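> Sharing the features that Swiss-Prot gives for it:
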type: TOPO_DOM; residues: 1-30; note: topological domain 'Vacuolar'
type: TRANSMEM; residues: 31-51; note: transmembrane segment
type: TOPO_DOM; residues: 52-100; note: topological domain 'Cytoplasmic'
type: TRANSMEM; residues: 101-121; note: transmembrane segment
type: TOPO_DOM; residues: 122-131; note: topological domain 'Vacuolar'
type: CARBOHYD; residues: N123; note: N-linked glycosylation site
type: TRANSMEM; residues: 132-152; note: transmembrane segment
type: TOPO_DOM; residues: 153-166; note: topological domain 'Cytoplasmic'
type: TRANSMEM; residues: 167-187; note: transmembrane segment
type: TRANSMEM; residues: 191-211; note: transmembrane segment
type: TOPO_DOM; residues: 212-232; note: topological domain 'Cytoplasmic'
type: TRANSMEM; residues: 233-253; note: transmembrane segment
type: TRANSMEM; residues: 256-276; note: transmembrane segment
type: TOPO_DOM; residues: 277-292; note: topological domain 'Cytoplasmic'
type: TOPO_DOM; residues: 314-331; note: topological domain 'Vacuolar'
type: CARBOHYD; residues: N324; note: N-linked glycosylation site
type: TRANSMEM; residues: 332-352; note: transmembrane segment
type: TOPO_DOM; residues: 353-365; note: topological domain 'Cytoplasmic'
type: TRANSMEM; residues: 366-386; note: transmembrane segment
type: TOPO_DOM; residues: 387-419; note: topological domain 'Vacuolar'
type: TRANSMEM; residues: 420-440; note: transmembrane segment
type: TOPO_DOM; residues: 441-448; note: topological domain 'Cytoplasmic'
type: TRANSMEM; residues: 449-469; note: transmembrane segment
type: TOPO_DOM; residues: 470-528; note: topological domain 'Vacuolar'
type: CARBOHYD; residues: N504; note: N-linked glycosylation site
type: TRANSMEM; residues: 529-549; note: transmembrane segment
type: TOPO_DOM; residues: 550-562; note: topological domain 'Cytoplasmic'
Amino acid sequence: MQTLDETSNLLPPPEEAEAPPLEQKFHEYNLALPKFPILFSLWLGSFLSSLDSTIVANIMNRVAEEFSESSKKQWIATSFLLTNTAFQPLYGKLSDITGRKSALLTAQFFFGLGCLLTCFARNVTEFSIARAICGIGAGGLNAISSIAVSDICTARERGVYQGYANIVFGFGQLLGAPLGGVFIETIGWRALFGIQVPVIMLCSVLAIKNINIKLFHVPPMKERYTLKNLSRIDIFGSLSLVATISGVLFLCSSQLNKLYLALFTIGSFIVFILVERYYATEKILPFELLTRSFCLSSAVTVISSFVVFGEIFRSPIYLQLLQNISVTKTGLFLIFPSISVAVGSLVTGWVLRNTKINLAHCAYQIIFGGMIMQLLGLGLGYFLLSHLNPDYTIYDMLESITFRSNSIWWKLIYVFASVLVSFGYACLLVATLVSIVFTVEKSQQGTMTGVFYLWRSIGNVLGASLTLVSYENSLSSMLWNYMFKTKRDDEYHFTKKQYYSLINDSSYLRGPNFPTDIFVRILDVYKKAFLISYIPNIALAAVGIVLSLYLVKHTYKRSSSS
């Protein structure tokens, strides 16, 4: 018999406390719902979102060339990811106050509208604006899919179902790259975005029919769309966050006044903190719920997302420019990382479901392993590219092995390095989501899952943009130095028109515009610019390993003491 004193806790631990009767009733109802119709309704939209992301990664260089605005191609990727970042956490809160179905239909509307407008873009600016509208919806498609899975599954089941979800997501990424290549070289990229509109309309019909999840904390239908209820959505926090991230991107890529941009960025960040701390009633970033473990895992998530999206958007440009590989064949290179995302998600879900150790500690060990794989993949990729000359030359890795640009060996190593980065990312993603379900109250899971996707999206937009900006800035300065400042041993004289043609239209590089020896040296400048773009990613991956190791040790001590 247990002895009690005045310090004894008479209440059961939070995970053992009984839920209110109605909440428990709704929970049992949701668990009993037929899963396939719900998951199909959710995952079809998620599939489209993932398809869209790799389509753009593969075709953005060609689209920018078509508009003769290659120097702006980072905005094709960034505009979509920026709005995705800003609105994703709002969908978590929106689904908590209006229900999962209403939030999902809102996301589907913006995604379809963005795809439709993309078809009619006449320049990179219009293309980017349309992609931004599409990103508003895409953020919700992914976030609500993950949130709704937690409603109809137990915590341990969620790891497996999240693995299935990432298989669907990975399959979309797998098809996106080759489809983008085939379409842009046959019927054009406009049709590729146009055919997504009727598909997302079908998703809306399925959502209306199948998404019937009941939630205890959602107000009655007549109260959901009142001004008082909708005012709970933290729109000012979201807008100030967009302003902060946009300021960072403009600081890195714009020729505007750096002082004013820096002041704008700092001011926006201060406004965001003040709104989240003192103004917003229900925050997109609830500081009071941010435990040390969640903060560490969030930081690692940002880093991992930065690394993988930097790779996704750098890889096609490298293959197309330096190795002269077509858009269609570039898509084949991107298939393997997409497969690794699906496999990594499934394996992680299986491990978490069958582990005998503390579930949270197991999840954090997987996060640590995922970061190690990403650093190894980046290091291998950097080593390969630093020794592999563009397109035609010979590189002796070992005395018995010779690489040529048309050799299968460098391609296998390149794919393996990309697979390591993507596999590690998938493991980290599933493990972090499961740790949220295991450590957060049911009523806050939608919000905290939205916060998780906020961190992931911040990593996505910064990784894609800053990696491309690092490459573009390095290329601009190095080309200028080579063409006009460096003393060369040849007699060739460059013109500024040639310089700006290379910067604004990357197809100019492969045209008959330079003598062979000059062309070779220009390619070497491009190669050095690509290598420089690896450095921030490698440094961040190393930081991620340190943080995830601390996370493992922290949870191990906590689980041992308990």
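Glycine too: its Cβ is placed from the backbone N, Cα and C atoms.
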> What Cα-Cα separation, expressed in whole Å, is found between N123 (N-linked glycosylation site) and N504 (N-linked glycosylation site)?
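On Cα coordinates alone, these residues lie 13 Å apart.
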> Restricting to the same chain and to residues at least six past its boundaries, which positions have a Cβ under 8 Å from a Cβ of the transmembrane segment (366-386)?
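For the transmembrane segment (366-386), the nonlocal Cβ contacts are 297, 300, 303-304, 307-308, 311, 318, 348, 351-352, 410, 413-414, 416-428, 430-432, 527, 530-531, 534, 537-538, 541-542, 544-545, 548-549, 551-552.
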> Would you kindly give the Cα-Cα distance separating N504 (N-linked glycosylation site) and N324 (N-linked glycosylation site), rounded to the nearest Å?
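Cα-Cα, rounded: 18 Å.
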> Hey, does DSSP put N504 (N-linked glycosylation site) in a helix, a strand, or just coil?
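The residue in question, N504 (N-linked glycosylation site), is helix (DSSP, three-state).
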> Which residue counts does DSSP give the topological domain 'Vacuolar' (314-331) for helix, strand and coil?
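Within the topological domain 'Vacuolar' (314-331) the tally stands at 13 helix, 0 strand, 5 coil.
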> Please identify the stretch among 132-152, 191-211, 256-276 with the greatest number of Cβ pairs below 8 Å relative to the transmembrane segment (31-51).
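Ranking 132-152, 191-211, 256-276 by Cβ pairs under 8 Å to the transmembrane segment (31-51) puts 191-211 first.
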> Residues of the same chain, at least six outside the transmembrane segment (167-187), with any C-beta under 8 angstroms of its C-beta?
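Long-range Cβ neighbours of the transmembrane segment (167-187): 43, 46-59, 62-63, 142, 316, 326-335, 337-343, 345-346, 426.
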> Limited to the topological domain 'Vacuolar' (122-131), I'd like the whole-number average of pLDDT.
91
> Among 101-121, 132-152, 332-352, 529-549, point out the range having the most Cβ pairs under 8 angstroms from the transmembrane segment (191-211).
101-121
> Spell out yes or no: are there three or more C-beta pairs under 8 angstroms between the transmembrane segment (132-152) and the transmembrane segment (529-549), with each pair 6 or more apart in sequence?
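Judged by the Cβ rule, the two regions do not touch, with the required three close pairs absent.
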> Could you check whether the transmembrane segment (449-469) and the transmembrane segment (233-253) come into contact, where contact means at least 3 Cβ pairs under 8 Å with the two residues of each pair 6 or more apart in sequence?
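Judged by the Cβ rule, the two regions touch, with the required three close pairs present.
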